[in-house]
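Engineer: Dumping the structure here so I can ask a few things about it.
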Amino acid sequence: MLKREMNIADYDAELWQAMEQEKVRQEEHIELIASENYTSPRVMQAQGSQLTNKYAEGYPGKRYYGGCEYVDIVEQLAIDRAKELFGADYANVQPHSGSQANFAVYTALLEPGDTVLGMNLAHGGHLTHGSPVNFSGKLYNIVPYGIDATGHIDYADLEKQAKEHKPKMIIGGFSAYSGVVDWAKMREIADSIGAYLFVDMAHVAGLVAAGVYPNPVPHAHVVTTTTHKTLAGPRGGLILAKGGSEELYKKLNSAVFPGGQGGPLMHVIAGKAVALKEAMEPEFKTYQQQVAKNAKAMVEVFLERGYKVVSGGTDNHLFLVDLVDKNLTGKEADAALGRANITVNKNSVPNDPKSPFVTSGIRVGTPAITRRGFKEAEAKELAGWMCDVLDSINDEAVIERIKGKVLDICARFPVYA
């Protein structure tokens, strides 16, 4: 018999210890990985609920199982909130991840072998936008586009590639691009050749929801996002659209279920619903504005300290530090900062001479530190510490000194107060 007092700590000490150690790590490390964030206790409450027990294949009102009257309410709340938040008239909240959402869009709109324009991974794109190691690069004929010498998307080259290759789809979106994308221009290019414009806004969805970054929904045929990252919800995916046909929406739904998934994760969908409600609050807008301010503040310090930032700045939550001129690898920088309890990720930079496993850059993002309460002053101080470590990458005394400062500021700005 199941009893409510059952717990992991008493039953599985080995697992519980690892979970507790991760909790401590999150509190005592500064998180600067651009795709990571801290979700609210409300979201975690939803994910740890009895909704995890319920199978609900199908969609609200059209399920293959009985007993779905309450999970229908949960999913419909998530759908309605997603549509309201992003100005969409279609939303599918079932994708288990951003990659699953992207797979569903490709399945709905493309045939294997179709030509697709996607942002070059080395220029800031994402694995699922046509990388040869990913399903997207294996199933479709991918033509990459990239950034120009200033570090911004080269729309002239994009248009030229589009007219030359006549792709069935153009993919907008990125995983390591710090500029503002001109969604209207991309739609104009797509329309000129009769292609779909599909936008993956996973990285900037929270900024979009708060009006801090341009919304692609009015411009794209289809938009996907993750529900974590800047949106600060549970790990999962979401598909949105506006002004499309019922036929398109049926195709998208069918591509998710039964095309790519079986039963939806109702406990995660409940987490999405509450996160979407949180994203409608005034304080969420203030938070996203601060995310962007903190990123700019950090860039300022890196530039002052003689570090090169790809595209020279940032207009969102992330930026890339190019370490080629410093004769450092991203792998070395990642490891040294990690020893100071500062977590970043190594990242390729444009025309990177190193392999993707070594790289010549680091990606820095501000969603998590801002969630802790950091403002510009703390962001600048942190950037200075990072430069101290990178300037003396083999000096363990410097790294230890910075680690002490990190532990102090983490205690002053707890993740969960």
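Don't overthink the numbers, they just go from 1 along the chain as shown.
Backbone N, Cα and C define each Cβ position, glycine as well.
The feature (6S)-5,6,7,8-tetrahydrofolate binding site is assigned by Swiss-Prot to Leu121, Gly125, His126, Leu127, Ser355, Pro356, Phe357. Annotation source Swiss-Prot lists N6-acetyllysine at Lys54, Lys250, Lys285, Lys354, Lys375. Marked as N6-(pyridoxal phosphate)lysine by Swiss-Prot: Lys229. Residues or ranges marked as site 'Plays an important role in substrate specificity' by Swiss-Prot: His228.
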Engineer: What is the interatomic distance between the Cα atoms of Lys54 (N6-acetyllysine) and His228 (site 'Plays an important role in substrate specificity'), given in whole Å?
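Structural biologist: Cα-Cα, rounded: 23 Å.
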Engineer: Which recorded positions are spatial neighbours of Ser355 ((6S)-5,6,7,8-tetrahydrofolate binding site) here, meaning Cα within 10 Å, out of His228, Lys229, Lys250, Lys285, Lys375?
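Structural biologist: Correct set: empty; none qualify.
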Engineer: In sequence order, which same-chain residues at least six apart have a C-beta under 8 angstroms from His126 ((6S)-5,6,7,8-tetrahydrofolate binding site)?
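Structural biologist: Same-chain residues close to His126 ((6S)-5,6,7,8-tetrahydrofolate binding site) (Cβ under 8 Å, separated by 6 or more) are Met119, Gly173, Phe174, Ser175, Asp200, Ala202.
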Engineer: Please name which of the recorded positions listed here, His228, Lys229, Lys250, Lys285, Lys375, is nearest in space to Pro356 ((6S)-5,6,7,8-tetrahydrofolate binding site), Cα against Cα.
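Structural biologist: Of all the candidates listed, Lys229 is nearest in space.
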Engineer: Roughly how many angstrom lie between the C-alpha atoms of Leu121 ((6S)-5,6,7,8-tetrahydrofolate binding site) and Lys250 (N6-acetyllysine)?
Structural biologist: 31
Engineer: Looking only at Cβ atoms, how many others are within 10 Å of the one on Ser355 ((6S)-5,6,7,8-tetrahydrofolate binding site)?
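Structural biologist: A count of 11.
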Engineer: Residues with Cβ closer than 8 Å to the Cβ of Lys285 (N6-acetyllysine), same chain and 6+ apart in sequence?
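Structural biologist: Residues satisfying the criterion: Ala210, Gly211, Val212.
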Engineer: Between Leu127 ((6S)-5,6,7,8-tetrahydrofolate binding site) and Lys375 (N6-acetyllysine), find the distance joining the two CA atoms and give it rounded to the nearest Å.
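Structural biologist: If we compare the Cα positions of Leu127 ((6S)-5,6,7,8-tetrahydrofolate binding site) and Lys375 (N6-acetyllysine), the gap is 32 Å.
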Engineer: Could you check which of the recorded positions (Gly125, His228, Lys229, Lys354, Phe357) sits closest to Lys250 (N6-acetyllysine), going Cα to Cα?
Structural biologist: His228
Engineer: Between the two most separated Cα atoms in Leu121, Gly125, His126, Leu127, Ser355, Pro356, Phe357, the residues recorded as binding (6S)-5,6,7,8-tetrahydrofolate, what distance in Å do you get?
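Structural biologist: Result: 16 Å between the two most distant Cα atoms.
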Engineer: Spatially, and counting Cα to Cα, which of the recorded positions is closest to Phe357 ((6S)-5,6,7,8-tetrahydrofolate binding site)? Options: His228, Lys229, Lys375.
Structural biologist: Lys229
Engineer: Do me a favour and check the Cα-Cα span between Gly125 ((6S)-5,6,7,8-tetrahydrofolate binding site) and the residue listed as 'N6-(pyridoxal phosphate)lysine'; whole Å is fine.
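Structural biologist: Answer for this pair: 16 Å between alpha carbons.
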